[in-house]
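Before any comments, here is the structure.
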Amino acid sequence: LAFCRGRIVRVPKGPLIRVVGTEVAIPCSVSDYDGPSEQNFDWEFSRETDFVRIVSTWDSTFTSEEYQKRVGRGDIKLRRSSNDAVELVIRNIQPADQGRYKCSTPSTDATVQGNYDAEVQVKVISDGLSVSGSKARSSTSLRLSEGDSFKLRCSATTTSPEHTHLHVTWQVKSGSSWRDILSLTHEGKFQPGPGYEERYRSGDIRLDTGANDTYRLSVSQASSADGGAYRCLVSEWVRGADGSWQKIQEKSVEIAAVSIQRTGECSWWAANVSVTERDSLDLTCNITTDRSGIFQAEVMWYFSASPDDTLSDAQLLLSMDHDSVVSDSTLISLSHVDRNSYRLLVRDVDVEDSGYYFCEAAIWVPLHNGSWHKVVERTSAPVSVVVTALEPDYDVFLNASKTPKFSDDPTELNCRITNVQDTEANIRFTVSWYYRQRLPGDDVVAEELLASMDADWTLLPGDRGRERIQNGEIILSKKSADTFSLRIQWTSEGDRGDYFCVISAWSRHRNNSWVKSKDVSSSSVNIFWATQDYTLTVEAVKLKPFFVAGHTFEMTCKVSSKNIKTPRYSVLITAEKPLTDQSNPNGTTRIISLNQDSVVRLEDWTDQTRVDGVVLEKVQENEFRYRMYQTQISDAGLYRCVVTAWSPGGGGMWREAVNGLSNPIQIDFQTAGPVFNVSVHSDSPTIYQGEVADLLCIVTMEGMPLEPDDMSFDVSWFAVRSFALDREPILLASLDRRGIVTQSRRNGSSDLSLERISPLEFRLRVHGCEDHDFGNHYCVVTPWVRSATGVWQREPDIKAKPIFLSVKMDVLNAFKYPLLIGIGLATAIGLLSCLIGYCSSRWCCKKEVQETRRERRRLMSMEMD
């Protein structure tokens, strides 16, 4: 398939039949080519034998002299449709343009494969298509009424020498564009235009053919949308050599201008109506029409919640057909007041009946066969109907039966309904409780919903009171038919503020549903008791004024509080490290905490070697002590105590009262130590498979010199299996400061060894290297320095610059053993074959021939011999 692939230049299969005077577009495309995506094209023309150059996409001097004027005027041009396709466009084609057209593409391929040009035959025929309208002048303008019918005619003939088909389309223009009504295609199929499919199926729009090549459009039940200018559009089609249909020309003629007059309207006696609940709604629809003679009206009443709803979205209430048959309904009736008026009566209206009402009327006329025909249909403008509910009259009174004097005391509020008037048996009351925080000054705070009830007296907790209601801290009840109660079991400072209740009245509707009819709010009741603000003071004290690395750091936090009843304290120790500490870029580290129940917890302490190195204990009720053993240089920073005071709350729970922050205690090590640098070196970064790769991790030291016994290193080797360090590093092996080597699990057959060859040099060897051992290799060193007190201090990790290890394949060694084995096997098989052949010829296939011995002492004749 790869050898068969090559450039392919394609043009349409000819001959292409075109009409004189029309515009011709000949496409040409190329595929399966090499080189740039945008290809160039050359076009040539030949009437008999020689080709004449027409136009090119890349050479402006390509055009021959006889085509230069037409190309310059734009009568012949190239139109690019994509990078690999163009069209040769010839405007006003003439019989002299009949002949062969060749499209060729200059080569951009590495090798010459495929075809680089293609030809197509173009045949130019005379214009034999004629389109005309009706000869009668009265047909140029028609004035009709809605529901009437009309017919339009046009004639289309062709004298083309080729076998062509006609495509006839009737179009109407009511605005700025033409719309297709109905077409008779060149394949003999009827095709209605968009929006005319239903009328075509019902027979209201037809297209008939008659004598003398006439095409008649028949329209029944004309509507106002059928007004406009009508034209007959005829196109001529011919079947191409590839079997597809091609349009070769198109002509049109305007037939008539049709105007449609409206024949009926629907209107109301009133614009907006307001009625009271339980009364009757009376609406009248008036129909006006200029029609005379016999006709009947069909009326349908609709209801909608919005004035913008369509008929499909509205609800049909009642209807009366043209035979005066009314659909059945219990509470709604429809009556015929006079010839043009129809009355809708809705008894016992409800609030749900509020909305928009409109009527739809249609006029029917009798036909000759005794059936009825709908000629016009109209919809009235919607009328707004507002049903006023019968609201009950009542007052709401709120009082506090229990008020708190101290925190955690209970609070009880009673909401009572009083002076109830004009209530019926189908009225129900529910309550909603609200809280509003009181702020100093004139600041207004929106109220928060504590809880409410729906029409079924189902409790609906609000966002503020949901959790406390579920825990039983807030209890809502209905003490009697007219009293609702709210009880807070343990009142806190956050509950201080204004409380009020809202009593809602619900009315039962005809469908047994409940609808809220009225809300009455009570005056607010303020819940408040005098309290003093909580105060909390925290003081941190450093017990040892001076210490060095390796010693124990110790500090105490003393807490004092006021206006807090039986407080307990929780303590959190934090450290603010210098910004140069990369382990904690945020600056603040949570080390250890002790809660109000004296439970100790390690927070962000991640040093696994010193899990027991930090201790927080409670010395007295208001004093706490923090110790950190064997301090490291990395522990330098500011240490604080974050204390939270807790007071006992309701239900045996503790609630947070106030927070306090101590003064900082600084740990700073002023001694200057050495500075370590790390680098990676290899004498042979490029090796062959099977060889040993040596990588050295060299540590250099600047500043204060140290004895080898006073320093130690943790060394870890990593590899990144890529050229650009865009993958995760893989741990190869590590050597800790105690000399213990740890290797990661490997998948290949190569092996690793890691050793210290000098106090500051560490060597990694990869034995039997394979191709997957390539990549960037680097080491990470963690220095440990022994202080003057004999305590080992850990220094920050140091990462070396990676070195790239390349593994090549030794072709000779790779093929040496297979070649030796092959030569040896071939030699052995050859010797074995010779041995088998010799043995077979010697013993198995030998024939013994008995011949008489002749004396050869004298000459014998040839015949005897």
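Each residue, glycine too, has its Cβ placed from N, Cα and C.
The domain 'Ig-like' annotation in TrEMBL covers 21-103, 106-254, 256-361, 392-521, 674-782. For 817-838, the entry in TrEMBL reads transmembrane segment.
Per-residue confidence over the domain 'Ig-like' (21-103) averages out at a pLDDT of 91. Counting only same-chain residues 6+ beyond the ends of the transmembrane segment (817-838), none has a CB under 8 A from a CB of the stretch.
Residues of the domain 'Ig-like' (106-254) grouped by DSSP class, helix first, strand second and coil last, total 13 helix, 82 strand, 54 coil.
Note on the domain 'Ig-like' (256-361): DSSP counts are 3 helix, 61 strand, 42 coil.
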